[in-house]
Amino acid sequence: MRFTTTIWRPPSLENFKPKFRIYANGVAQVRIYCFGTVSSSRLYNAHNLFDKSPGRDRESYISLLFGFSRDGRTQEAKRLFLNIHRLGMEMDCSIFSSVLKVSATLCDELFGRQLHCQCIKFGFLDDVSVGTSLVDTYMKGSNFKDGRKVFDEMKERNVVTWTTLISGYARNSMNDEVLTLFMRMQNEGTQPNSFTFAAALGVLAEEGVGGRGLQVHTVVVKNGLDKTIPVSNSLINLYLKCGNVRKARILFDKTEVKSVVTWNSMISGYAANGLDLEALGMFYSMRLNYVRLSESSFASVIKLCANLKELRFTEQLHCSVVKYGFLFDQNIRTALMVAYSKCTAMLDALRLFKEIGCVGNVVSWTAMISGFLQNDGKEEAVDLFSEMKRKGVRPNEFTYSVILTALPVISPSEVHAQVVKTNYERSSTVGTALLDAYVKLGKVEEAAKVFSGIDDKDIVAWSAMLAGYAQTGETEAAIKMFGELTKGGIKPNEFTFSSILNVCAATNASMGQGKQFHGFAIKSRLDSSLCVSSALLTMYAKKGNIESAEEVFKRQREKDLVSWNSMISGYAQHGQAMKALDVFKEMKKRKVKMDGVTFIGVFAACTHAGLVEEGEKYFDIMVRDCKIAPTKEHNSCMVDLYSRAGQLEKAMKVIENMPNPAGSTIWRTILAACRVHKKTELGRLAAEKIIAMKPEDSAAYVLLSNMYAESGDWQERAKVRKLMNERNVKKEPGYSWIEVKNKTYSFLAGDRSHPLKDQIYMKLEDLSTRLKDLGYEPDTSYVLQDIDDEHKEAVLAQHSERLAIAFGLIATPKGSPLLIIKNLRVCGDCHLVIKLIAKIEEREIVVRDSNRFHHFSSDGVCSCGDFW
């Protein structure tokens with residue numbers, strides 16, 4: 001039979017040239033040579049030919065190996081290489097270069113090391129292609145040490161070698177190494193290619209270094225590489241991440257060939273810069289231009305829907321995802337669940353979670369737990385967390401950090417025990433969440449222990465711990481920690497400054513230190529940040545410097561609700577009721593959405609100024625116009641408003657109409673008003689209510705005792721004092737503080753412990769003489785002890801605020817203002833005396849008592865208008 005030299009040729013195998021060699025035994029052996037890029041269909045046909053060939057030579061094996069490698073069929077390429085090795089065929093550099101690329105794609109470190117050994121054995125490491133592929137293998141396996149070692153030992157390197165190493169570092173955010181190598185390769189005479197520039201630009205984008213990015217952009221244009229897709233995409237990404245959206249859009253419009261990555265960069269960049277509508281517009285343009293959407297396209301736009309809470313659009317995208325076959329992509333699946341959760345469609349999120357079989361996926365479980373927490377489903381979140389563990393899904397660090405926000409349904413100590421077993425407590429993410437949970441429960445010591453155990457403390461962990469100290473008023477610990485932070489080379493962010501400024505707003509904190517931190521914030525260019533400026537506003541208002549608070553408020557480029565509320569409350573506490581109401585009117589004019597806190601500040605302003613009708617009007621606005629249901633705090637404010645004005649019947653009517661029984665705070669307000677307005681019977685009722693709820697509350701006993709003393713009922717007063725002794729209730733002593741040269745000094749009534757006590761009492765005697773020259777007569781009714789008037793006058797003269805003022809007058813330059821803080825209410829006699837002292841000494845004196853600020857001007861007038 002005659003042997004034919006023609007065989008059937010598949011129509012799709014255009015780039016393959018089958019050649020035949022006729023052996024003596026008449027068997028044809030096929031060689032398949034691949035030219036150009038082999039498509040998947042052609043490679044499939046080539047593979048079939050290879051399998052059907054009765055005999056195969058080395059060239060056939062190598063050709064198919066190259067085809068598999070180029071087509072990304074890594075497992076088949078690996079098996080074929082092992083066959084070549086097993087058959088003892090001759091190896092060369094091209095084979096190892098090809099199979100090392102396969103190893104890099106597989107991230108198979110063991111296989112890569114075996115290939116490395118073979119390269120050493122055959123002496124192929126001097127080949128630049130093999131060395132480059134080996135570097136790529138190690139870098140993709142995150143083995144940077146060995147990857148760099150291979151690179152450093154290479155005798156010859158080309159631009160691909162440099163780019164491979166640089167790209168490996170860039171993928172793992174090792175930015176310093178990227179930029180160092182980028183400069184070094186040019187110094188050594190290797191010109192970067194488009195992929196090298198893309199990697200360097202990516203790093204500059206991550207660091208937000210727009211200036212250096214512009215320099216690289218100039219070099220790219222000079223080299224004519226700005227039109228290439230990798231560089232073009234990286235430039236667009238750079239400008240977007242640096243906030244230069246306009247420049248990014250210009251580059252995008254000039255890009256002739258736009259890949260799906262180009263479109264995705266614009267969508268995610270717009271979203272990151274808060275331009276949600278522009279991002280949606282870009283997505284629609286992408287579809288109009290018939291660009292095939294990728295998984296990243298869908299993930300980006302679904303996240304956008306989550307931010308905008310667009311349920312309908314989310315549902316449409318869900319349908320498109322199913323159509324494109326992307327539903328089982330983890331990023332898309334998680335993005336859909338998050339979007340449904342943020343749109344409050346928890347049933348849809350839960351249905352998706354169950355339908356697509358997320359049972360073993362920790363990311364999906366975490367997304368669902370987070371969704372429940374965002375929708376006030378703390379119990380459901382904790383139940384899901386428990387179910388997750390029962391089904392054998394191990395929580396990761398993000399799961400633990402999310403579930404720790406489910407306080408008080410879950411105990412941080414319970415989660416802490418689980419975290420210790422996994423060693424996650426040492427991670428910054430979980431450690432910070434854990435210490436934050438302890439802080440919210442007031443367990444600052446536990447939080448500090450967790451903080452000390454975190455290995456790499458980032459700025460978030462430091463800020464959280466500072467916030468804890470701010471919450472508990474541990475000023476010294478917070479300031480010490482801030483010093484440690486800066487000494488450690490960590491750069492404070494806006495939240496760090498916000499926390500430390502909140503610490504400085506505490507009663508026992510130094511105003512001077514607060515000003516120093518303000519200066520530090522200015523130096524760091526963070527003083528204009530919204531959270532920092534709001535903290536500054538609050539600090540200055542609480543420390544008695546309402547003018548500085550007002551200045552900060554005016555300079556704010558943007559104001560959030562916290563800023564508006566802080567300014568209203570600040571004015572209210574300083575007795576500037578009309579300014580507080582003007583701020584409220586400005587809010588209304590700008591259509592700022594108000595909350596319950598806004599009206600608490602407004603009611604406080606009306607209360608301190610005795611504006612009863614105004615307070616009633618704003619209460620109606622809150623309920624009728626703003627649709628805010630009155631809370632316990634709002635009712636307490638209205639009771640205070642009526643009580644201070646002597647309208648106790650209206651105050652009692654508010655209490656009667658409250659949905660829940662009044663608490664001790666409201667009854668204490670009634671009791672204080674009864675003392676001022678001589679309503680003994682109602683005062684007795686209020687005291688009984690308080691003592692029944694809080695038997696240890698000394699304020700109730702003291703107010704009732706004082707009320708009896710003022711009415712001359714010493715017998716009833718004695719009974720109250722006896723009851724206090726029987727129950728071991730101690731009266732809170734009156735303290736006053738003053739800050740001089742960044743140091744705080746405290747005084748008790750009749751205090752003689754200060755080193756300058758002699759000078760202080762001499763100053764008080766001098767002031768007493770000058771006060772009497774002005775016609776001052778002590779009001780001994782404020783001394784609630786059964787002693788003679790002479791002794792009562794001596795007691796009045798030694799009240800703690802007077803001692804603090806006397807010390808301030810001798811310890812500070814003449815004419816400088818004084819700020820006194822007192823833990824109790826200033827008595828009427830001291831109020832009059834301080835007005836006269838301010839006039840005599842020609843000084844401004846600010847006193848912060850338990851109710852409000854009193855600004856005593858040098859002309860002897862108080863900001864409260866003698867109504868407090």
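Note that Cβ sites are derived from N, Cα and C of the backbone, with glycine treated the same way.
According to Swiss-Prot, the feature region 'Type E motif' maps to 666-741.
Taking the region 'Type E(+) motif' (742-772) as a whole, pLDDT averages 92 in the prediction. Taken from Swiss-Prot, the feature region 'Type E(+) motif' covers 742-772.
Here Swiss-Prot flags 773-868 as region 'Type DYW motif'. As a summary of secondary structure, the region 'Type DYW motif' (773-868) carries 39 helix, 14 strand, 43 coil according to DSSP.
What Swiss-Prot records for 57-91 is repeat 'PPR 1'.
The repeat 'PPR 2' annotation in Swiss-Prot covers 92-126.
The repeat 'PPR 5' feature in Swiss-Prot is assigned to 193-227.
Outside the repeat 'PPR 7' (259-293) by six or more residues, the chain places 229, 232-233, 236-237, 240-241, 243, 245, 248-249, 252, 300-301, 303-304, 307-308, 320, 324 with a CB less than 8 A from a CB of the stretch. Annotated repeat 'PPR 7' per Swiss-Prot: 259-293, in sequence order.
What Swiss-Prot lists as repeat 'PPR 8' is 294-328. Residues in the repeat 'PPR 8' (294-328) partition by DSSP class (helix H, G, I; strand E, B; coil) as 28 helix, 0 strand, 7 coil.
The repeat 'PPR 9' annotation in Swiss-Prot covers 329-359.
Residues or ranges marked as repeat 'PPR 10' in Swiss-Prot: 361-395. Using DSSP to sort the residues of the repeat 'PPR 10' (361-395) gives these counts of helix, strand and coil: 26 helix, 0 strand, 9 coil.
The repeat 'PPR 11' annotation in Swiss-Prot covers 396-426. Below 8 angstroms of C-beta separation, residues 362, 365-366, 369-370, 373, 378-379, 381-382, 385, 388, 432-434, 436-438, 440-441, 443, 446, 450, 453-455 of the same chain, each at least six residues beyond the ends of the repeat 'PPR 11' (396-426), sit close to that stretch.
Here Swiss-Prot flags 427-457 as repeat 'PPR 12'.
Look at Swiss-Prot and you will find 458-492 tagged as repeat 'PPR 13'. Distant neighbours of the repeat 'PPR 13' (458-492): 428, 431-432, 435-436, 438-439, 442, 444, 447-448, 451, 498-500, 502-504, 506-510, 513, 517, 520, 524, 526; these residues of the same chain sit at least 6 beyond its ends, with a Cβ under 8 Å from one of its Cβ atoms.
Among the features that Swiss-Prot reports, repeat 'PPR 14' is placed at 493-528. Mapped onto DSSP helix, strand and coil, the repeat 'PPR 14' (493-528) counts 24 helix, 0 strand, 12 coil.
Summarising the annotation, Swiss-Prot assigns repeat 'PPR 17' to 595-625. Sequence-distant contacts of the repeat 'PPR 17' (595-625), counting only residues of its own chain at least 6 positions beyond either end whose CB sits under 8 Å from a CB of the stretch, comprise 561, 564-565, 568-569, 571-573, 575-578, 580-581, 584, 587, 631, 633-634, 637-638, 640-642, 644-645, 647, 851-852, 864-865, 867-868.
In terms of DSSP secondary structure, the repeat 'PPR 9' (329-359) contains 23 helix, 0 strand, 8 coil. Proximity of distant same-chain residues to the repeat 'PPR 5' (193-227), defined by a Cβ-Cβ separation under 8 Å and at least 6 residues beyond the stretch ends, is recorded for 159-160, 162-163, 166-167, 170, 173, 175, 178-179, 182, 185, 233-235, 237-244, 255-256. Panel annotation: around the repeat 'PPR 8' (294-328), residues 260-261, 263-264, 267-268, 271, 276, 279-280, 283, 286, 335-336, 338-345, 348, 352, 356 of the same chain, lying at least six beyond its termini, place a Cβ under 8 Å from a Cβ of the stretch. Residues 397-398, 400-402, 404-405, 407-408, 412-413, 415-416, 419, 464-465, 467-469, 471-472, 474, 490 of the same chain sit 6 or more residues outside the repeat 'PPR 12' (427-457) yet have a Cβ under 8 Å from a Cβ within it.
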